[in-house]
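Engineer: One structure coming up, written as structure tokens, with questions to follow.
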Amino acid sequence: MNKIIAMVRKELIDAARDKRSVMAGLYYAIGTPLIMCGLFMVLIGQLTSPDDLKISITNPDKAPDLVRFLSNKGITQGEAGAKDLKAIELIISPDYAKQMNQGKGAEITIVADNSEEKLQNSIRRLEKQLQAYSAEMGSLRLIARGIDPRVVQPLKVNVHDQATTDSKGGMILGIAIFTMIYSVFISGMNLAIDTSAGERERNSLALLLSHPLTTRQLVLSKIIAVGLFALLGLVLILLVSKVAYTFVPWQELGFSVSITSEFMALMLLVGIPVALMAACLQLFVSFMAKTFKEAQSYLTMVLFVPLALSMAASYNIAPDVLQWLPVSGQQQALMDFIKGKDMNMLQLLVSTLGTLAIAVILALGMEKSLKSEKVIFGL
Amino acid sequence: MIDSMIHRKSHNAGACVAIKCSNTGWHKRISTSKIISLSTLMLAMASATVWASDKPTPPTPPTNTCYVDGVSDRLNCGFVTVPENPNKPDGKQIQVHYVVLPAVKNANHEEALLAIAGGPGQSAIDNAASFNTMLNKVRQQRDILLIDQRGTGRSNLLNCDAGPQSLLAFNDDNVDSLAEAQKCRDQLTGSDVTQYGSLNAVKDFEAVRAHLGYKKLHLYGISYGTRMAQLYMRLYPEHLATVTLDGIVPMQQSVLEIGSAIERGFDLLFKDCQETAACHAEFPELKAEFDQVVARLTEGPITEQVHDPVTGEKTLLTLTRAKFYGAIRMALYQTNVRALVPHAIHQAAKGNYQPLLGLYALTTDGAGMAMGMHASVVCGEDIHRITPAMREQAKTSYVGKTMLDSLEASCSVWKVPPVDANFSEPIKSAIPTLLLSGEIDPATPPSWGELAMEKLTNAKHLVAPYATHGVAYQSCANNLIAELVRTGSVKDLDGECLKKDVRRSFYLNASSVEPLATEDATQSSKDKPKDKPSTGAKE
């Protein structure tokens with residue numbers, strides 16, 4: 001046991017010496033939440049319709065009442081060329097008053113590009129207000145004819161939305177959890193390569209093995225060192241996320257995203273087996289590769305698998321079976337937790353055990369392979 | 001298609017007033033008793049509210065998730081149990097129900113905004129949808145708390161039900177108010193009707209606040225709800241952060257003085273029409289036509305075969321003077337319905353009562369108002385304040401007189417002891433307070449807001465030149481409330497946006513608000529924006 005501790009210390013000192021490559025992994029943990037929040041802030045600003053929506057209105061004098069109604073709803077005639085003028089044109093037919101007086105549909109045309117994402121909310125808002133105006137006039141016309149307007153609303157549809165303000169942010173949270181799991185894989189990756197393929201290239205691996213150590217002790221200590229780094233990355237991203245996410249005005253989209261202390265504790269707990277598996281996987285692949293460079297390219301490919309699992313779960317495109325698999329199972333449980341649903345403990349247990357099983361198999365495989373000179377000398 | 005209009009109307013539903021409720025609702029319930037229709041027409045003039053549900057909602061268990069009409073979100077509901085009579089803590093217990101609309105992103109768990117409904121007699125919870133829409137910006141960061149005041153909604157409702165009865169055919173000119181009041185009182189035997197005044201209700205509100213653990217409340221009171229808010233300021237100022245009073249009933253004022261406010265609302269309508277080129281061109285003799293219809297109805301009700309506005313079946317309409325006044329009066333509460341009034345008056349003068357029937361149908365729903373509770377409040381807090389001079393004054397107006405007569409009948413049955421004289425003292429407070437008045441409000445005119453300001457040292461009174469009753473529902477004032485809640489100060493509130501011209505054009509016929517584009521009409525529609533607004537904005 002003492003030997004393992006000594007070895008782990010040695011690995012960490014080694015890692016600390018090569019700050020640049022190792023820190024590269026941790027930069028991810030710090031930078032990702034910041035970049036995501038920055039992007040969301042910009043996005044929310046663009047997607048939400050401004051309080052004061054400026055559009056071009058043609059023939060406003062044909063329907064002054066409608067124009068005033070819209071302006072009360074914050075939709076007004078903008079000045080041509082002004083910066084805040086949206087590319088939406090509302091054309092009021094020159095025959096508007098005539099059609100109105102005859103009780104026919106008075107023509108209004110909206111000219112806009114519906115594929116322009118930044119405009120969609122504003123277009124929808126304009127349509128909604130025109131509908132509201134139309135419905136209101138319809139009701140008053142009925143009243144003027146002695147009919148209760150309720151009779152033309154035969155259905156009264158009640159919606160009981162089961163979402164909470166937290167669960168409405170589920171998509172965003174899915175992505176957030178995905179970045180956290182990703183950080184577990186990314187943070188320790190450079191260290192894993194450095195401590196395996198790197199050590200071999202520096203010819204210190206053989207030296208290490210010549211000490212009175214069992215291969216198992218060597219493998220275990222490397223796994224622990226890499227795993228610790230992975231968890232360090234996780235802790236960092238959790239702390240940064242907790243602070244950064246509060247700055248985004250999510251409420252403008254109608255939901256809230258908050259990283260609670262309970263969630264952070266759970267994420268860490270769930271993250272431990274994932275970190276172990278990530279460490280084993282990365283070390284195993286690196287040892288299999290012949291050179292440092294090769295290890296880098298193999299790892300990039302191999303890492304795609306757990307990340308695909310995680311992403312599938314976060315976008316809810318996963319078939320049910322994914323809920324039982326490693327990584328995606330944990331991700332699912334975390335998402336349920338943050339949405340305030342009951343976690344399926346059995347699924348979490350199965351996927352966690354699966355994760356640990358993979359880690360053990362890989363560790364045993366590594367232990368076995370390190371007994372072969374082919375692997376030790378990279379032949 | 002109608003949906004959105006209904007919603008819109010429902011916004012104002014919250015806005016019922018002190019004595020009158022603002023909104024015309026589309027929910028009609030024929031089960032209103034005669035007394036209701038009577039005192040409704042008069043005092044409570046209740047118009048109606050839109051969101052009243054047809055079935056009484058079953059009591060909800062303590063804090064639980066629930067849904068209310070018109071709001072799709074999951075809400076927290078519950079109740080506190082309080083003694084009906086605070087002096088008899090072991091006596092009858094009643095449940096005071098509340099609903100919390102949770103904040104989208106709760107910036108301060110120790111604060112909430114309490115929105116208080118009007119009436120007296122409206123249920124805040126039934127009006128949740130309109131509060132939710134109007135307070136949308138506040139809700140982004142604060143919980144919205146709605147409480148059914150004792151005697152309303154789910155909190156030991158004091159209402160009267162006289163069974164089915166056709167309000168269209170009913171002649172309300174010859175009703176025995178006293179007998180009707182007694183009949184209603186007899187239905188409420190289980191409750192001590194003297195315990196349903198505002199003072200006990202404020203204690204209930206405070207109990208709910210303590211129960212939910214909020215340290216500070218922001219208040220929004222509409223109409224009669226402003227009286228509740230002012231009492232809260234007087235009794236529990238330490239728990240208030242800010243207050244918004246919308247459509248203000250000052251403590252010094254008896255709600256029964258509404259008579260002159262109603263007259264003023266009618267006069268402003270005639271003036272508005274006269275000053276608007278298109279309306280004046282179409283209805284040059286509006287005031288004369290109105291007087292002509294009143295004169296005709298004074299001789300006796302007009303009966304006519306009509307189609308029922310809801311069922312479409314042939315039925316008898318007995319058009320009385322009270323119904324005529326009532327229909328027009330309630331129409332004045334909302335700018336969009338108000339736009340139809342000149343046309344309705346003109347047609348009535350010509351003998352076509354269809355538009356009037358449509359407007360009247362909107363008011364036949366007494367459902368928004370718990371008439372028993374309404375009487376408990378008014379009989380304890382207002383009727384004793386009537387002075388001989390006010391009585392003289394009331395006699396000059398038809399609405400004022402009928403209202404007073406029928407209420408006096410109710411109160412002689414209700415026998416509520418009057419509140420202490422200090423009840424009517426103006427509120428002295430330094431709590432940041434925003435007061436909102438609508439210039440064309442037919443219930444609580446801006447001068448009432450000035451009265452309420454008397455001893456408020458940290459207050460701002462904004463008058464929206466084009467708003468009726470319930471300014472926050474019709475203008476940018478809801479954004480001002482959000483700003484007040486956020487900053488906790490009235491200093492930087494800028495009422496400039498209230499001056500935006502949001503008038504609705506008058507209907508010129510049963511279909512259109514836009515004049516036909518003859519040479520002349522084109523000219524007049526161009527002139528329109530230059531029309532002098534009926535009233536200037538003042539602060």
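Glycine too: its Cβ is placed from the backbone N, Cα and C atoms.
Because TrEMBL annotations are produced automatically, they should be read as predictions rather than curated entries.
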Engineer: If you check TrEMBL, which stretch out of A:80-111, A:112-143, A:176-207 is marked coiled coil?
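Structural biologist: In TrEMBL, residues A:112-143 carry the label coiled coil.
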Engineer: Need a quick answer: max count of Cβ pairs under 8 Å to the transmembrane segment (A:345-364), which of A:223-245, A:265-285, A:297-318 is it?
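Structural biologist: Looking at each of A:223-245, A:265-285, A:297-318 in turn, the most contacts to the transmembrane segment (A:345-364) are made by A:265-285.
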Engineer: I'd like to know the mean pLDDT over the coiled coil (A:112-143).
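Structural biologist: Summing pLDDT over the coiled coil (A:112-143) and dividing by its length gives 90.
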Engineer: Below 8 angstroms Cβ to Cβ, which residues of this chain, lying six or more residues outside the transmembrane segment (A:265-285), approach it?
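Structural biologist: That would be 177, 180-181, 184-185, 188-189, 192-193, 195-196, 219, 222-224, 226-227, 230-231, 234-235, 238, 295, 298-299, 302-303, 306, 326-327, 330, 333-334, 337, 348, 352, 355-356, 358-360, 362-363, 365-366.
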